[in-house]
Each structure stands twice: as structure tokens, then as C-alpha cells.
Amino acid sequence: MSKPIYMDYAATTFVKPAVLEEMIPYFTEYFGNPSSIYSLSRETKKAIDKARDRVAKGINADSNEIFFTGGGSEADNWALKGVAFANYNKGNHIITTQIEHHAILHACEYLEKHGFQVTYLPVDEYGLVSLDELEKAITDNTILVSIMFANNEIGTIQSISEIGKLCKSKKVLFHTDAVQALGNVPIDVKEMNIDLLSMAAHKIYGPKGTGALYIRKGVKIDNLVHGGAQERARRAGTENVAGIVGFGKAVELAVSNMEEHTNHLKTLRDKLINGLLKIPYSRLNGPSGTNRLAGNSNICFRFIEGEAILLLLDSMGICASSGSACTSGSLDPSHVLLAIGLPHEIAHGSLRLSLGDNTTEEEVDYVIESVGKVVQRLRDMSPLWDDFLKEGEK
Ligand SMILES: *Cc1c(COP(=O)(O)O)cnc(C)c1O
């Protein structure tokens, strides 16, 4: 099989050669346990410190506010459960949104079983949270607001600075899942008044299974893993040294090339979206223009199933997704598309194509053409389409 056309960068990315190159010596030459005393280990300890500095710099945090984790889901879970249980004496109310990643939503459901109350804020048709509604939802009992920086399905970028300012004025902790935003949107945790922020390496050309939680100095949070003194005793266990090194390099590259990277992606994204919207009875999900992630497109095609589109595209060598990688395989439509007001039958026919570093204009052209053919072929077999042609809108 020839090399597939990869348009699922929001699910994961390849590891950049420059990232891999920095990682390799930490599997082989410098394998010492960072906690040991001899000089072999000093190299690994130094490497972790350097990576911590790089990650901190990428979001304008202090190095001692960065805690490495096993990825984005772990950082999300830690932020929610850690803050909830450590601040239970202050209140038991948490505010989040209906369009969060499952790492947030399922952690909230778990907390609800343990005596916490969770408000799931609605969003408008573009996926934006209303500041007014957020302000109204905050009570004396609220301890934490968790609102994602940018959405993984429809690319909506929230007004994080305003949300941060509001939370600060209400003296409520503010966590944001910035897994999709990192490397795509400038992040400054100080200026944006962010107390906790989740990151993952594998969405920015780093290795899978590595991420971090930024915890602002002074935030009360329970330790995640009890054991040794790693991560200042907050997350015990011998560090994933090579992964951490790769993450540090990935953040450095992502942040230094951000403008060039996102301008390139926006041009390709807009070409893709415009091409796909020429297909009859299609619509764009999520915002158009500036508050959309540079590499994200999400389109609905009426009268067909998203899963069927994906299978046919796969047979043509195109890797795409119908929403979040975690929900495909289930028959429920995406919770994000339902939250922006799409009816079930339309939400089922959605296609997410997310672009990245290796995407070319030729690939975009090929994908537009292929999706057009696939949609036509599926509609030709669809009784819904047949009824629609005979009887029009019911
Ligand atoms: C991918 C993703 C996660 C999960 O990160 P993992 O490293 O895969 O655990 C969390 N939130 C968002 C928005 C994501 O896109």
C-alpha cells in the first residue's frame, strides 16, 4: 500500500526527527535513574530539568510549576480530582462545559459520585461559552472552573483571557485543557490568569504517553501518585526520561515556529473547507475565521453516516475521523456536535479532517475530490437521500 494521506493530526502526530534524535541517547547511553547519586544519573537529571525549563518557557510559567505526567488525560484527571479533594472544605461545586474532552467529562462524572456538584455549561452554535452564563453559574460553593482552551473536534478557541480574569475576580481556581491549543495559540499562563493547564506531547510532534500539568505556585492540590520524591513528591515513580526530553524539545519547536506553522495550516484548511462546502447539503461545524484552530475542519454531510464515509476514505488511503478518536466505535453521535445544536441524524454524518506539518496542497486537492466521490456514492445507496429527492424536505 502506498503511504496513506494523514488528516487526523488532532488525534495524534508523528514524532519529528529532531525530537526523536534528542530522545535516543536517554534510552541507551544515559539510562541512569535520575534519583541516583552517581554522575551517570546527573545527565538524566539535567535533561529533565532542561525539558522542564523548555515547557515552562512555552507557556510563560516558572519551571517549578511544571509537573510531568503520562499525557493529557492524566493531567486533566489530576487537575480535577486533585483540586476537588484538596479544596472540599471550601466547597463542592465545579463548573465545566458540555464540549470538554472525555478526560474531563468522565472525571467530573466520577466526582459527582463522590459528593461534588458539577455544572456543565452549554455553548452557542459555534462552540463558544458565554461569559455571562459562567458568571451566573459561579456560587460561594464553587471551587474550580475547567474550560478547554481549544476544542479537539470543531476547533473552537475560547476567550481564555476573559475567563481567567473572571475566575480571578471571583477567587475561583481556573483549569484549562490546552492539549489542542499548545503550539497553535499563544499561551501565557500569567497574563491569562490560568491556575492549572494540561498539555500532551503527542499532539505537537512529540512522543505518546508524556504530558504535563502546570500548577500555579500556591494552588492547593492533592498529590497524584504516592511513593518516591519524583515531581516534588506529587507524582511519584521513576521518570519517563526520554519521553520528557522529547516533550521539552517538541514544545520548544512548536512555540518557536508557531506563526509560520499556523499560517501554513490556515491556508490549507481554508482551501479544504471551501472545497468541501461545494458538495451539496454540507455544512461547516464550528467557527469560521480567527477563533478556529488552524488545522481543524469539521463538516457534516446530510443523508449519510460518518462511519461509512470514514471506511470508504480509508479504502482510498485517507486517514480521517468522525470526531474524537475515543468515541468512534460507539454509535452515539459526538457530544460536541449535539452541544452546538445539531440534531442526531445530522451529527451522525460528520467528518473531521485535521491538518498538520506534512500536509500538502496536493493532498488537500485529492481529499476534496475523494470526499466528493464518497459522499455521492453513499447518497446513491441511501434511502434517506432517495426520499429527499422525491419528496423534498419533510
Ligand atoms: C488528545 C486530547 C486529550 C488526551 O490526551 P492524551 O495524551 O491522549 O491522554 C485531552 N484533551 C484534549 C483536548 C485532547 O485533544
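Cβ coordinates come from backbone N, Cα and C, glycine included.
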Revision key, fill the gap. Out of N141, N152, N274, N285, TrEMBL lists as part of the pyridoxal 5'-phosphate site with G72, S73, Q180, T238 the residue N152
Revision key, fill the gap. Around the Cβ of K203 (N6-(pyridoxal phosphate)lysine), other Cβ atoms found within 10 Å total 28
Exercise for review: With a 10 Å radius around each C-beta, find which of these binding-site residues (S73, N152, Q180, T238) has the fewest other C-beta atoms nearby.
Suggested key: T238
Revision key, fill the gap. Taking G72, S73, N152, T238 as the binding-site residues, the residues having C-beta under 6 A from ligand 1 are G72, S73, N152
Revision key, fill the gap. When pLDDT is averaged across the domain 'Aminotransferase class V' (5-367), the result is 95
